Amino acid sequence: MSVLPATVIFRDCLYLVLPSLANSSFKFLFDFLIVVVISELSFTLFSDHALLVLSLTFLSIVLLLTTFASDAREMFKNLLHSSNLLHKPVFLSQNRNQHLKFISYARACINVATAICILAVDFRFYPRRFAKTETFGTGVMDTGVGLFVISNALVAPEARQKTVRNRSFLDKMSMLFLSIKSCVPLLTLGLSRVMVIKRIDYQEHVSEYGTHWNFFFTLAAVKIFSTFFFCFVSSTYSWLVSIIVGVAYQWYLQCGLQEYILHGWDGQGSRTGLFDANREGIFSSFGYVVLYFAGIQLGCYIFVIRKSFLHWIKCLQGLTALSVGCWISLPVCCHIIGPISRRLANLPYVIWIIGLCSMVLAIFLAADLFTMLLTFTQNDAKKPNRKQKKTSSVKNSKICQIPSKSENSICLMDAINYNGLVFFLTSNLLTGALNLYLLWFAGKYHVFLLIS
């Protein structure tokens with residue numbers, strides 16, 4: 001996962017020192033080659049050499065800045081003496097309704113990594129240690145569902161505190177009805193997936209969600225439950241709900257619910273009745289509710305309006321502290337409660353996902369601040385001194401401008417981030433179709449690159 005942020009930094013620096021590429025008609029191709037292809041290699045052929053790929057990427061960034069950036073020496077000099085930039089106005093977002101680039105990057109990269117893994121997992125060159133675990137343990141693919149839930153919570157209206165307080169009872173019921181209505185597409189997708197899989201007899205692991213349950217039903221359940229809660233309580237108490245539901249769910253798991261989920265009523269793993277057949281999906285939804293409310297609270301923290309570089313550094317410190325706290329508490333939690341289980345969505349799994357998400361957000365925020373700092377220092381390095389002619393100042397004034405949002409945005413990432421659910425669904429459908437018709441190419445890496 002650390003390679004993806006590095007590729008984004010490399011891409012931003014490339015467009016910073018070579019702005020003509022940002023306006024090129026081949027920008028989409030550049031994004032694909034830089035972000036997607038390098039990530040594919042790090043997940044597959046070079047999975048055992050991820051540190052080497054990461055080191056080469058950062059080395060490329062340094063060489064790029066020192067070789068192609070004009071006035072590079074002056075730029076790095078300004079960077080080393082950048083204390084005066086800490087209080088420089090930096091508006092990553094003017095208000096809560098605007099998009100934050102580092103969140104968009106993080107959400108899009110989560111979707112890209114998920115799509116790569118669900119496609120590559122059926123190829124023989126994909127490392128088995130990255131695949132989903134059956135019951136306990138961790139793999140790269142175990143992070144997909146949890147990160148998808150918490151990343152959606154980050155940009156929910158409640159995280160931006162756009163919901164209106166002091167509503168009447170009828171308004172609250174209307175809001176709940178609209179939430180249920182908005183979940184109809186998710187329920188339709190879930191039912192369609194069940195019918196198609198049963199019709200074509202497609203391979204599936206019933207121990208993941210159950211016989212009929214799937215991720216779309218989980219998303220609908222989380223959405224309806226969260227809306228019901230926010231009808232009566234402010235989103236500022238999301239952290240409290242996350243803790244209460246998480247502790248209560250884990251307590252029930254410890255009191256026998258875990259044995260039922262894993263082995264059924266008879267202890268033999270039988271699935272009699274609709275409820276028993278889908279027990280994993282039904283009960284794991286509580287764990288994803290915990291993740292969703294944690295994501296809401298994290299979004300409330302991030303979307304506080306900050307007006308200087310120093311304020312965003314403090315935000316970065318907060319995300320880093322949260323991540324470090326999760327990584328420190330995770331071994332203790334696993335020792336007391338038990339190992340991480342995506343199948344159960346237990347408390348260790350929740351802590352693991354929160355720690356991972358906050359770490360990814362911290363990395364992307366640091367990357368965003370780094371590229372913005374480079375932009376400031378490059379502009380300062382290009383400023384003409386007093387002895388230069390006024391014509392020279394006019395000539396360089398265009399270079400001193402901070403790139404606009406359209407120049408900085410990743411068009412590929414924007415396309416993916418525009419509707420993550422559609423991208424997730426499309427990648428799943430195409431992967432299923434390819435598994436049916438291209439099974440004999442499972443060992444061909446060039447086929448994987450072509451279809452990706």
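First residue shown is number 1, and so on along the chain.
Each residue, glycine too, has its Cβ placed from N, Cα and C.
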Worksheet item: Looking at the ranges 176-195, 396-415, which is given as transmembrane segment in TrEMBL?
Response: 176-195
Worksheet item: Per the 3+ Cβ pairs under 8 Å rule, pairs at least 6 apart in sequence, do the transmembrane segment (176-195) and the transmembrane segment (215-233) touch?
Response: yes
Discussion item. Which range wins on Cβ pairs under 8 Å with the transmembrane segment (240-262): 135-155, 215-233, 282-304, 316-338, 350-376?
Written reply: 282-304
Worksheet item: Looking only at residues six or more beyond either end of the transmembrane segment (316-338), which have a C-beta under 8 A from one in the stretch?
Response: 136, 250, 254, 298, 301-302, 346-348, 351-352, 354-356, 358-359, 361-362, 365-366, 369
Discussion item. Do any residues, 6 or more residues outside the transmembrane segment (135-155), come within under 8 Å Cβ-to-Cβ of it, and if so which ones?
Written reply: 1, 43, 103, 106-107, 110-111, 113-114, 117-118, 121, 129, 207, 215, 218-219, 222, 262, 288, 291-296, 298-299, 302, 338-343, 345, 349-350, 352-354, 356-357, 360-361, 420, 424
